[in-house]
Amino acid sequence: MESENQTEVSEFFLMGLSEDPELQPLLFGLFLSMYLITVFGNLLIILAVSSDPHLHMPMYFFLSNLSSVDICLTSTIVPKMVLNIQTESKAITYAGCLAQLYFFMVFLCMDNLLLTVMAYDRYVAICRPLYYTVIMNPRLCGLLILLSLLMSIGNALLHSLMVLPLSFCTDLRIPHFFCELAQILKLACSDTLTNNILVYFMTSLLGVGPLSGIIFSYTQIVSSILRIPSTGGKFKAFSTCGSHLSVVFLFYGTCFGVYLNSAASVSSRRRAVASVMYTVITPMMNPFIYSLRNRRMKGALRKLISATPSFS
């Protein structure tokens, strides 16, 4: 295959979920609707948390940060995808592709780390209730968010810088709806061994590590809940982390689904379809999960909506 230097690559081509012309209007309407629902729903969560003094607690502070990250994650991907469908263009500039790759990895990693931080918050609340306000003080909460952000930026920056020296072949078609690292590496003509080793190492460090932390937190939480004598007390304790557990299962379940599809040598197009789950569906579902399963959040949302001036 004839290769060309990375500096000569001006653009890639995002092939999307389907090349069927009849499906494009459906995909356009579907993804635009899901994007608007995601932004609106997560904005409601942020506004509800910031406006209700009863929600000025670590749990909801982390939730509002998760909502902000979810908006940013989908905004990194969906607008470009919708624009390409509308303009019937599959092109994305080389710089635009690297920028999309970088920000996608920042916000995906941030999502992952925030879920771990939220699991730790639930662990302290249930297993160390008398020390909760002392341990989860505003300074620690801010430091946890800052640490998660710095780790996410460092991870994304490392991968992005490792892509820069690569040279690419003449086939610049990415069988995906966004610039995913694995697909970009497949297009490279130069040796990507170091890149692949880095991918596996960082995935183990920032993927398996946080998941292990979540599993440990919930084993301790379940153990503490089982020691509560009353059924009502057990239900109340478990209800405080039910929403978070639902989001964890949704996020990691879809991520593992994509990984298994990749490991099983499933076609790139099917991998792209599976990726919709954790890049679009999960951020859209999070506000519904937290608002429907959390009484305080439902109350805050009702107050926020009732306080909105009517123009009728």
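The first residue you see is number 1, and the count goes up from there.
Note: Cβ is positioned from N, Cα and C throughout, glycine not excepted.
Here is what TrEMBL says about this protein:
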TRANSMEM  26-48  transmembrane segment
DOMAIN    41-290  domain 'G-protein coupled receptors family 1 profile'
TRANSMEM  60-79  transmembrane segment
TRANSMEM  99-120  transmembrane segment
TRANSMEM  140-158  transmembrane segment
TRANSMEM  197-216  transmembrane segment
TRANSMEM  237-260  transmembrane segment
TRANSMEM  272-292  transmembrane segment
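Sequence-distant contacts of the transmembrane segment (60-79), counting only residues of its own chain at least 6 positions beyond either end whose CB sits under 8 Å from a CB of the stretch, comprise 31-32, 34-35, 38-39, 42-43, 45-46, 49-50, 100, 103-104, 107-108, 110-111, 114-115, 117-118, 121, 141, 144-145, 177-178, 279-280, 282-284, 286-287, 290, 296-297. It is 272-292 that, among the stretches 99-120, 197-216, 272-292, forms the most Cβ pairs under 8 Å with the transmembrane segment (26-48). Under 8 Å from some Cβ of the transmembrane segment (197-216) lie the Cβ atoms of residues 109, 112-113, 115-116, 119-120, 151, 155, 158-159, 162, 181-182, 185, 248, 252, 255, all in the same chain and six or more residues away from its ends. Sequence-distant contacts of the transmembrane segment (99-120), counting only residues of its own chain at least 6 positions beyond either end whose CB sits under 8 Å from a CB of the stretch, comprise 59, 62-63, 65-66, 69-70, 72-73, 76-77, 80, 92, 144-145, 148-149, 151-153, 155-157, 159-160, 163, 178-181, 184, 206-207, 210-211, 213-214, 217-218, 244, 247-248, 251, 278-279. Here the domain 'G-protein coupled receptors family 1 profile' (41-290) has a mean pLDDT of 89 out of 100.
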